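Database features, via TrEMBL:
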DOMAIN    25-155  domain 'MgtC/SapB/SrpB/YhiD N-terminal'
TRANSMEM  12-37  transmembrane segment
TRANSMEM  52-74  transmembrane segment
TRANSMEM  86-105  transmembrane segment
TRANSMEM  117-150  transmembrane segment
Amino acid sequence: MLEQIADELTTTFSAVPAPVAFTRLAAAVVLAAAVGIEREYSEKPAGLRTHILVSVAACLFVILGLELAAMDFGGSSEQRNDPLRMIEAVTAGVAFLAAGLIFTSNGKVKNITTGASLWLVGAVGLGCGAGQMPLAAMATGIVLFVLLLLRQAERLLGTD
């Protein structure tokens, strides 16, 4: 029995090797941290830790989906999972969290940008989990441009 437990704990990943999984998870942390730091600096309700947690969770769901797809359940001719359903599930979960941040006060909508950034880091995590780290990094760069530089433009225009 102890041997089975030891085997279970030491068996390597079947679809995504452990070093690759770690790299993908680490990329999800770093990219989400870049967005989370900006939100933290702006004193928004969802900051560094929240953005990292959402991104890592999304990344993990993709890695787990890849691992489950690689498992032998008997019938090799049947597709065992639908990658789009996994993406939809993560997107719905993150959208639920993001929607909880958004509210109106004195006729103004509050935290909508933070909700959108949280939704985005979910997509960044999905990208990292799928091994599309360059795409996730490009999206993160664009988001940082939007959050940092366009905020300055809004202030200059008086629309902030």
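Each Cβ is built from the backbone N, Cα and C atoms, and glycine gets one as well.
Taken together, the residues in the domain 'MgtC/SapB/SrpB/YhiD N-terminal' (25-155) have a mean pLDDT of 89 on the 0 to 100 scale. For the domain 'MgtC/SapB/SrpB/YhiD N-terminal' (25-155), the number of residues in each DSSP class (helix H, G, I; strand E, B; coil) is 100 helix, 6 strand, 25 coil.
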